[in-house]
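If you check TrEMBL, you get these features:
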type: COMPBIAS; residues: 582-595; note: compositional bias 'Polar residues'
type: DISULFID; residues: C569-C596; note: disulfide bond
type: DOMAIN; residues: 42-235; note: domain 'Laminin G'
type: DOMAIN; residues: 247-414; note: domain 'Laminin G'
type: DOMAIN; residues: 421-596; note: domain 'Laminin G'
type: DOMAIN; residues: 682-841; note: domain 'Laminin G'
type: REGION; residues: 582-633; note: region 'Disordered'
Amino acid sequence: MKKVGDKNKIVSRLGTDVADKIAELRRKVELARDQANRIKVGVRFYGNTTLQLRNPTDMKRAATYTYMSLYFRTEEKNGLLAYVGNEIGTNKYLKNVNTDDFMALEIVDGKVVLTMELGSGLDSTFSTTNVNDGQWHRATVERTGKIGTLTVQTDAGEEGIKNDVSEIHIPGTFSVFNLNENASKLYIGGIPEAAKIQKDVQTRTFTGCIEEVDFGETPVGLWNFVKAQNNFEGCVGRDKLVTLVTSNGLRFDGRGYAIMPGERHNFAREIIVILEFKTYAEEGLLFLVENGNNFFALELQEGRLFSKLMLDGNLVVLKSPNVYNNGSWHRVEAKRVGKDTLLSINSVEVDSGLASEVELQKTRDIYVGGYPGGHTHTEITNVNFEGCIQNLQIGTANEDLNKNKEALGVVPGCPATIARTVSFSNESPGYVAMRRTSMKSHLNKYAQLTFKFKTVEPDGLIFYAADEEQSSYLSIALADGHLVMKSNPGGEIRTATSKKYNDKNWHYVTATKTLHQLRLDIDDLYDFNQETSDKNEISITTPLYFGGVPQDYVIKPQAAASVKTFIGCIGDTTVNNQFQNFADSQDRPGSSLTSCPLADPDEVTTEPPVVDYSTVSPDHTEEETTEDQEIQKPDFDIFTTLLPSTTLPTTLEPTVPYPTPYGLCKLPISPLSDPDVTAEDGMRYGNSPWARREFYVRTSTLLDESTFSLEFKTDLPDGAMFYVSGSDYTYFVAFYLRNSKVFFAFDCGGGAGRASTNENYNDGDWHSVKFSRRGRNGQLEVDGREVIEVKSLGSPNSLNVRAPVYIGGLSEDTARKAKNNLQVKVIFYIPDTIRPTLQLF
């Protein structure tokens, strides 16, 4: 037992170390991508230029709120500026998506045109400004739910900036822009001929210059592309519509930070830090300098401001008696001069104290708004700040946060406060009361609300409005996980009992009340409607309540399916196509206007979907799917990266099996873990003739070039280890053993190229193999020493294969059809072990 315990500790330490290294690697990759996206050099487009950009990692956030802008100039009357969406047929390979949504930004007859389709009909809007004048223009798209705007900006000289604004009203009841980071496409200026674009997109090419593309208010670099043709020439930067950064501050998104140079500052005996901030967040790190275990920090905790000074184990804490997370600007001044410490807010001293005489030594870095990867000081928060910081002063020096050494998750300046999301917690339940600012929000004859929500609680009031006597009302609530809308007059409608929505995922709702119908559309997948005989004209005099109602306001029985305060998040809300900015609410006690604190359910992001056929019987056969047959949608997104996880478990402690009921098998339902077996020991194949694993991956990434690697060991001379092919088995890639030698074969359509090793590798030892291809040229490398070149025959140089990718064996039907490709006549599986190091690049 002691041995097992020691092994657990070692593995736990290794697991923690690996996890930390992976987290740091991810941060560096994210930082590198952010820096690449901030390269502002534009691209000159010709009639044959195509450009597919790398999708933003948070692309799915555009589901209910979409923002995109770009600068362009052209002399042509027609051209494509941008296409974002799913090509025709993409939805067949995505879970819970039934439509191919898209957004197109074009120039048609000299005017900018915005077209959007969310699945229940498309709409287009046209600008009135002629933009084919060779001058710089800016096009901006902003959409919430079913309502959006297209803004075209032009420099009109002495008249200033001209804003040409038009609206788009997307028809139907669908309100979700279904985008997938791996499957959706982001084309700028040119679309490849092979792309299956909707016929409603009128142009596919562009001639001119495009620069500074933003999606979701973050930069998308034009040189950080996936695929491109004839994009070799940059553009001279624009001399019009140049936005000068007038603020020295930054807006922090709650996940980022800024690092300022600290070498020129001397904090030994004197620390003077002055800054201005505004936020709705209760907690966040504002400022930190450190040297070893000593530090000075400014932070928010429960809305109160704290100044913390640690010197040789002696901690001095100053705090404000009031809270300052109200969305207004506040000026903070924190000082340490010798032994004296002082904290002032808005020119009022709120606390003071005495520190030791110990000096805080010089530091190279000053951290503002957060700390990369998290710091080790347990006395201060590791929550990154969400909000704005400006006018930073250290000592007597004014600091421009835009001139940082390194930054992530920030945007320059501090735009007007717009609160798209409101959160409610168990600790401080509350509500938001919105004013009815126009006839649109009176809801009498027609009411349509679009919003998203997330919760783990089965019951809660999401929306309520009524007249003074509550004889007329409209409510939306969760009851036992089901969504219920009630109207008087009108009745009620509720979602099916088979599906609950308190699962910690975002759900997207369109709730519609007309004079003769109630309707709920959920996630653009499920719709529930009910015709009513009554004329559903209601009268509303109260504010529009979200998440709850005031304590002294009692909702009448039967007016709502639940009167319990909603715990969770509500966001991107419109009422009759009018966006609800929660920052403009007339009252919002107990609410938080920061990002939703509920994390998404854990998702397997490092290991691909796998179909394991290790116990399939020999007489199992596969049914062929023809193009005329409907493709059965998988329970996962096929578009994923094949990269098995190598993260070590944090413990190998044996699990305790459930007791076995009397009279049943004595073996436990949950087998005990073997502490001597880890993921590094590989996967054994060959327990049955057709044992294998099938990986469903985005095979389009293999079209032009690919690299594969894995490790194996076996005692037998023949067997297939890797195989993927096209529908007619003409195109294929294979890696197998034949007569004890390693073979690599592939065919781009003109004839197979094959390469084999000179040495035998069925010696029972581990061997590493790397096989790569670019166009018609391939290379096989074994154990880093034996390298063989191979070339596919004919002129074709693309590999048109499709999922699944077979590992360790093939299905019986595929083995029969792939017989000529593999040239292995005896065994179609590897009767031994493959380590989980398989990678596709």
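Backbone N, Cα and C atoms are what each Cβ position is placed from, and that goes for glycine too.
Each residue in the domain 'Laminin G' (42-235) has a pLDDT score, and their mean in this model is 92. A C-beta separation below 8 Å, combined with a sequence spacing of at least six in one chain, links C569 (disulfide bond) to T421, V422, S423, F424, F453, K454, T455, C596, P597, L598. Around the Cβ of C596 (disulfide bond), a 10 Å sphere holds 19 further Cβ atoms from the protein chains shown. For the compositional bias 'Polar residues' (582-595), the DSSP-based tally of helix, strand and coil residues reads 3 helix, 3 strand, 8 coil.
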